[in-house]
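The following features are taken from TrEMBL:
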type     : residues : note
REGION   : 1-34     : region 'Disordered'
COMPBIAS : 12-34    : compositional bias 'Basic and acidic residues'
TRANSMEM : 70-89    : transmembrane segment
TRANSMEM : 138-157  : transmembrane segment
TRANSMEM : 163-181  : transmembrane segment
TRANSMEM : 202-220  : transmembrane segment
TRANSMEM : 226-249  : transmembrane segment
TRANSMEM : 281-301  : transmembrane segment
TRANSMEM : 321-340  : transmembrane segment
TRANSMEM : 352-372  : transmembrane segment
TRANSMEM : 384-408  : transmembrane segment
TRANSMEM : 420-444  : transmembrane segment
TRANSMEM : 456-477  : transmembrane segment
Amino acid sequence: MSVSVQIPSASVRRDAETEPLIDSRNRKGDQPTTTIKEDSVLSNKTVPHKNKYSLSSVSCFGVDLTPDNFAVAMVYFVQGVLGLARLAVSFYLKDDLHLDPAETAVISGFSSLPWLVKPLYGFISDSFPLFGYRRRSYLVLSGLLGAFSWFLMATFVDSKYSAAFSILIGSLSVAFSDVVVDSMVVERARGESQSMSGSLQSLCWGSSAFGGIVSAYFSGSLVDAYGVRFVFGATSLLPLITSAVSVLVKEQPVRSPARGVSLGNGFIESSKNNFTQLWGAVKQPSVLLPTLFIFLWQATPQSDSAMFYFTTNKLGFTPEFLGRVKLVTSVASLIGVGLYNGFLKKVPLRKIFLVMTLVGTALGMTQVLLVTGLNRQLGISDEWFAIGDSLIITVLGQASFMPVLVLAARICPQGMEATLFATLMSISNGGSVLGGLIGAGLTQVFGVTKDRFDNLAFLIVLCNLSSLLPLPLLGLLPGEEPDTKESTDIEMKSN
């Protein structure tokens with residue numbers, strides 16, 4: 001796609017990543033929420049049905065806020081509120097470490113690597129319970145790991161290599177906790193009505209979105225008032241919430257197998273069977289060809305880092321102002337979801353991808369007006385143009401990414417939906433990382449640095465036009481329109 005804006009959410013959770021707020025392309029897939037393998041759901045039903053232990057009369061989105069459900073909501077909230085440090089990371093790499101846009105883009109791509117192997121985390125948590133628990137213990141570990149990574153950023157990090165390592169650790173902690181809490185949601189959704197399953201997903205999405213909006217409001221002003229190190233220190237306290245609420249998770253202890261068994265034949269045999277089953281599903285043309293399209297559609301180059309440097313170094317946008325823009329785009333992404341659910345979810349996928357790509361490419365070109373200053377000749381200030389442009393691009397960016405989730409859920413064969421969906425999302429994220437790295441290379445080729453933007457307009461035009469390249473492959477997508485029941489099921493899986 002050709003528009004650019006980060007998608008806040010349980011669906012786009014690259015919280016440690018350094019993404020600028022004023023973008024020129026669509027950051028397609030910032031880590032959508034996925035579930036873990038089907039085997040784990042069937043073999044790990046350790047959580048009692050809610051009416052067996054629910055004493056709470058408080059509800060949210062139609063879901064009783066039992067201790068268990070409250071813990072799930074809080075983990076999703078933390079994933080959203082960790083965006084508090086995103087602007088601080090961007091300014092730290094630019095102003096403290098004095099990195100060029102290309103180097104910043106490479107670090108962003110490097111920090112996204114943990115999101116490419118999410119099915120592995122599900123397998124680890126299912127196969128190796130810590131202290132007798134598959135969920136609770138890994139939530140504690142993820143929270144501590146995240147707190148440690150941001151503590152390093154607040155104290156010891158002083159080079160691009162140590163910064164990249166710390167951001168990578170923080171990204172790993174979020175990705176692992178994401179898989180664990182997703183598996184808990186899947187377990188609760190089983191045996192429930194369609195309405196209750198939708199309410200569970202609404203609780204998760206609403207919690208993450210609320211956290212993203214809260215962090216957006218404070219992210220810029222805190223950087224302006226107290227500096228990036230303070231923001232890193234404050235952010236280091238947030239993952240501890242994940243560790244704290246893990247005690248509320250209702251989970252029966254499991255007996256760990258003997259060490260020789262868990263690390264020996266049982267582990268190897270299980271891994272071999274899982275891989276064989278997964279590969280057998282992926283190599284089917286009905287799965288492989290749409291997956292190839294998703295990867296290529298995500299892998300077109302991006303110029304996000306270059307635009308961030310331009311808006312801050314050339315236009316003088318302050319952290320406080322960018323925080324306001326981030327708040328606007330966070331709310332706008334919710335509008336994008338509503339746009340898709342209200343008007344587009346019954347439209348054939350090929351038509352959505354075609355129209356959204358063409359419209360997105362045209363809207364992405366509006367960034368050239370900001371770079372060349374034509375907006376001021378039209379009587380529109382840089383600030384108002386940036387807010388309005390980001391608002392429109394974010395709505396379209398979110399609405400255009402929803403079909404990716406729908407397509408991934410739709411091509412999953414019966415019996416291993418969770419595993420394959422997580423794998424497809426990892427492939428999608430891999431395409432997005434590749435697009436970022438290609439964008440970093442083009443930024444270097446065009447000579448765009450932290451204080452030179454002569455060729456930035458050409459970079460934006462090239463990145464946007466490249467989004468049209470996957471369109472001839474639209475024939476790889478399924479062409480039929482799903483019926484109403486299938487659309488509802490797909491929406492549940494994609495959530």
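FYI, residue positions are counted from 1 along the chain as it appears here.
Note: Cβ is positioned from N, Cα and C throughout, glycine not excepted.
Most Cβ pairs under 8 Å with the transmembrane segment (70-89) belong to 321-340, among the candidate stretches 281-301, 321-340, 352-372, 420-444. Below 8 A, the CB atoms of the transmembrane segment (420-444) and the transmembrane segment (226-249) form no more than two pairs separated by six or more positions in the chain, fewer than 3 in all. Contact between the transmembrane segment (321-340) and the transmembrane segment (138-157) is not supported: fewer than 3 Cβ pairs lie under 8 Å, counting only residues 6 or more apart in sequence. Residues 1-2, 24-26, 289-290, 292-293, 296-297, 300-303, 306-307, 310, 349-350, 353-354, 357-358, 360-361, 364-365, 367-368, 371-372, 407, 439, 442-443, 446, 448 of the same chain, all 6+ positions outside the transmembrane segment (456-477), place their C-beta atoms under 8 angstroms from a C-beta of that stretch.
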